[in-house]
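Some notes on the structure that comes next.
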Amino acid sequence: MAKINVLLLCGGGGAEHDISLMSARFFETSLAKSDQFSVLTLTLDKQGRYHTQDGNLCSLTNRREIRFEDPSIAPWAVDYVIPCIHGFPGETGDIQSYFNLIQLPYFGCESEASSNCFNKITAKMWFSALGVPNTPYIFLHQFDQEAIAQTQAAFDTWGSVFIKAASQGSSVGCYKVDVRDNIAKVLEEAFGYAPYVVVEKTIKARELEVAVYEYQGDIIATLPGEIICDTNKFYSFDEKYAKDSKARTDVVASNLSPKLCLQIQDYAIKAFKGMKLRHLSRIDFFLTQDDEILLNEINTFPGLTPISMFPKMLQNHGHDFTEYLSDVISQQLGR
């Protein structure tokens, strides 16, 4: 049987460019363990240009093939795409829209689901509509005195807030505010990352994560894992990826009752189904001291770096990542 030509896209040129490259290496290693696939890895730069690993410029055409600027290199037919791009344009749904247009099968959530989850305001509206509890919030559409006043009122009610750019990933443009006088400055910074901002009540809680994915026709939700940070810190971009980070992860969270685990898994699957996610996701929750469960956010293309939770939780659940990938791709292509 002929091999499946898999195009692995990474980079994107945004704040998570380097993280995307690390995740792509995990895909390369996993795909190499199977003789089903022939893989071409391309990096997308800030200018929207694709590069091979040798530095050759190329493009993905509407004929579903890669054409190289060097005319001596023959076009490469594409059967399937893995858009391993964190943030824009991968998790925002933009690149998936192009794949839909040229009828090219791809791994991961479709464009509408990706967009709905990436925008924190839209996502929270969906959570509430689906009956999944989430953190109290307000949202703002421009930086002005009214926005400052609304945020100050929320701060006065809640005592502490998170101010988040509505359409960024990996805690980019996300700030914890404990001092009222800092609100205006932080709001201005957040609006520098996105045209909309969400202000959330700070929740003192455990940070739990669930890998939710499709395998052999079933939707799987793993046992919750846990992110453990220093006291009074949140899981910022630096805490995630800095070499001197004090944060640690537990693939299976300790001291959770079976009832709580089941409730968290039920909410995760409810969100996965209700928002019409596909193939994979990492769904993050808060668990308060009173055992209140709050959905924090959904990551439609979770990181696959050495510290990332998704592949560890999948493996802990008893599934091999290469076999999982092969199953998803084969089911989609009908092979």
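Cβ coordinates come from backbone N, Cα and C, glycine included.
As recorded in Swiss-Prot:
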| type | residues | note |
| --- | --- | --- |
| BINDING | 154-209 | ATP binding site |
| BINDING | Asp284, Glu297 | Mg(2+) 1 binding site |
| BINDING | Glu297, Asn299 | Mg(2+) 2 binding site |
| DOMAIN | 124-330 | domain 'ATP-grasp' |
Which binding-site residues (Ala154, Gln168, Glu189, Tyr196, Ile203) fall within 10 Å of Asn299 (Mg(2+) 2 binding site) by Cα distance? none
Near Asp284 (Mg(2+) 1 binding site), which residues of its own chain have a C-beta under 8 A away, given they sit six or more steps off in sequence? Glu207, Leu208, Glu209, Val210, Leu295, Asn296, Glu297, Ile298, Asn299
Can you tell me the three-state DSSP label for Val161 (ATP binding site)? strand
According to DSSP, folded down to helix, strand and coil, what is Asp284 (Mg(2+) 1 binding site)? strand
Quiz question: given the binding-site residues Ala154, Val161, Ile203, which has the greatest number of C-beta atoms lying within 10 angstroms of its own C-beta? Val161
Name the residue among the binding-site residues Gln168, Asn182, Asn299 whose Cβ has the smallest number of other Cβ atoms within 10 Å. Asn182
Neighbour count check, CB within 10 A, over binding-site residues Glu189, Glu297; minimum at Glu189
According to DSSP, which kind of secondary structure is Tyr196 (ATP binding site) found in, if we only use helix, strand and coil? coil
For the domain 'ATP-grasp' (124-330), the mean pLDDT of the predicted model: 93
Identify, in sequence order, the residues in the chain of Tyr196 (ATP binding site) that are 6 or more apart from it along the sequence and have a CB within less than 8 Å of its CB; answer 'none' if there are none. Asn119, Ile121, Phe139, Leu140, His141, Ala165, Ala166, Ser167
Near Tyr175 (ATP binding site), which residues of its own chain have a C-beta under 8 A away, given they sit six or more steps off in sequence? Phe162, Ile163, Lys164, Val186, Glu189, Ala190
